[in-house]
Amino acid sequence: MSSILDELNEEQRKAAEKIEGPVLILAGAGSGKTRTVTYRIAHMVKEIGISPLNILALTFTNKAAREMKERAAALIGHEANNLVVSTFHSFSVRLLKTYSERIGYGRNFNIYDVDDQKSIITKIKKDMGIKDNDNVQPGKLANKISKLKEQGIGIKELEREIDMRIPANRLFGEIYQKYDEVLKANNAMDFSDLLLNARKLLDDAFVLERIQERYQYIVVDEYQDTNDIQYEMINLIAAKYRNICVVGDEDQSIYAFRGANINNILNFERDYKEAFTVKLERNYRSTKKILDTANELIKNNKSSKGKTLWTDDSDGEKIKIYNAMTVYDEADFIVTEMKKKKRAGADYKDMTILYRTNAQSRVLEEKLLSANIPYKIYGGMQFFQRKEIKDILAYLSLLNNKNDNHNFYRIINVPKRSVGEKTLEKIQEVANEKNISMLEALHYIDEIPVRAATKLALKEFYNLMQGIYSSLEEMSIKEIFDEILIRTRYIDSIEDNKEDRVKNIEELLNSIIELEKQNPNMSLNEYLDMISLSSSTDEMEDDENYVKLMTIHSSKGLEFDYVFLAGMEDGLFPSISFDAPEEELEEERRLCYVAITRAKKELFISYSSSRKIWGKDDNLRRPSRFIYEMKQDNLEYVGGKYGSLKGKSSAPRSFTPKIENFNPFSKDKLGRFGKKSGNSQTASNVNSKYKVGDVVNHKKFGRGKIKKVDMKSMIVEFMVGEKKIALVLADKILGK
């Protein structure tokens, strides 16, 4: 009898047909994990008879969730409508909209972004009389608060964890507490609150029991990217039935800076001792040379379950390595290669430039512009972060939630109404006295001692909002949008860059029209939630013919025929020093692995011998140590500074460290910066002067660490890679 699962390969099928109990699917890059997961869901619904209402599938991006749901719908039809396929944040919003009143929030709470966080903290600092310095910048404080929340540390937990007698700790604690109080008073949550508060809900036995009964089968994609809060949420929901399937790749865990904990996937078999584990190692994306290069690189990581990607595809082209003299030379190389590919029939939409930091994009943009190559940057200012868009959304947010004093502050003078700080303070006083919001306080405008002109402007604003609010339930989102523009005369008020900003407003209107076609009954609250949970890659259109520029982090989950990996220099990528902790180096190596495995047909790697760092020229840039960890037979050094190497597979010249006696190793750190260190010496070298783990100094290669010693030679790990040194010559060329 045929099965839906007949379409899968042997390993995919094993992963898809094991439904009951905990399952760990270790899915390498390009191994068809989304296909496996969607066929698994289809098998559960169509062939086993599990209700889609009892299935919860969680992932990290809207794009991934949308793709998973669309693929499931293609297999099971309309029943896919009853599946919950969602990002963690969207699922948290779903829980909170249902049960938020149990933790003291209204169901129409607004969601604040980073800009909102910074604005609120700026006002708190001002109210507290705190001056700016490096330690109390709003952006840094917002980031610190978010990271604490991601670890489940609210203000109460913080007070238990740190010594509040220390002035700096006490000051931060006060800011954190006031920040939370403002959000609570505004009936608003920030992004980290969504997870933290959803997790708190699961401490409520009533809520937990209902959620466990509803979602008896759980699938988690990209499990390696889960943080501690997400880990707790998943395992609490799964605790009753233990039907949890996690899919991930520890070699692609690249979000430690966001709180992701790689140990969640590494320890899954410890958490669930009865777990069934399967590896998906067959790659359907890249050529053999690209995969071999990635495999060779990631072998250097200790924090790995051990996978070897393979393919039936062709060997493919060698990875091109280009050593540029300058960053402009590097950009010229990339543009030239893109033009070659275009002339050969490739489309620009199949090309991407990846880099470690957004700051690298400027020179690349200049060269693409001058070459008339269409491009788009992802990860810069997103559409919904533009001023005119934020203004319109602030009006919508205040209409959705009258308690939102933050958005009241944003729009009270948009367009200009000449309402000053003193007037706002008086409005706030009335609001505090009557325990109402600032918008509601305008109902008592006659009690507020302000100038007649200001009073008139405030009355007009209040009547404007009340006029829309009175008909809100009967209006579509487009109609609300139109009313805001008409009543405020917002477009007439735009002074700078009017044409571009009006086009952006028009684009917002078009997006609303399209969304309402797809979801005719969408409420204002649902629309705002969706906008708040969007990301830059959600805006990416596959059929638009332009080159895509983005950080490697932004490229996760994407694939391109031609990948250009720029800025492969030590200090930039990896963006750490040689004595950094081992776990930081492994994270950077995983990031490089992700970059390599985005490429389907060809990979180009470039680095520059000269680059401005903090405004100063650094003319002694070194190629990334990761280049030396790749399979050298698969690399081809082309043109550039080493023009004589064109067409050969020779490695570039060795680099001597710029800093005399520079020691890339730290005695209190584990491991190595290159390949895996040996754990023991052979019996034959016990009496040798040189021991495994010793740090030596080579006249040419600089500082290195001995990783292996035998009767005649030893292997030493230098900054430029491994070198074999004869023991009879060691004393002449090495020092300790």
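The backbone N, Cα and C atoms fix where each Cβ goes, glycine too.
Annotations in TrEMBL come from automatic prediction, not curation.
Positions annotated as domain 'UvrD-like helicase ATP-binding' by TrEMBL: 6-287. Under the heading ATP binding site, TrEMBL lists Ala27, Gly28, Ala29, Gly30, Ser31, Gly32, Lys33, Thr34. Residues annotated as domain 'UvrD-like helicase C-terminal' in TrEMBL: 288-557. Taken from TrEMBL, the feature coiled coil covers 491-525.
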Cβ within 8 Å of the mean position of the Cβ atoms of Ala27, Gly28, Ala29, Gly30, Ser31, Gly32, Lys33, Thr34: remaining residues of the chain near ATP: Thr36, Asp249, Leu280, Asn283, Tyr284, Arg285
DSSP three-state assignment (helix, strand or coil) for Lys33 (ATP binding site): helix
Ser31, Thr34 as binding-site residues, winner by CB count within 10 A: Ser31
Protein Cβ atoms within 10 Å of Gly30 (ATP binding site), excluding its own: 22
Within the predicted model, mean pLDDT of the domain 'UvrD-like helicase C-terminal' (288-557): 91
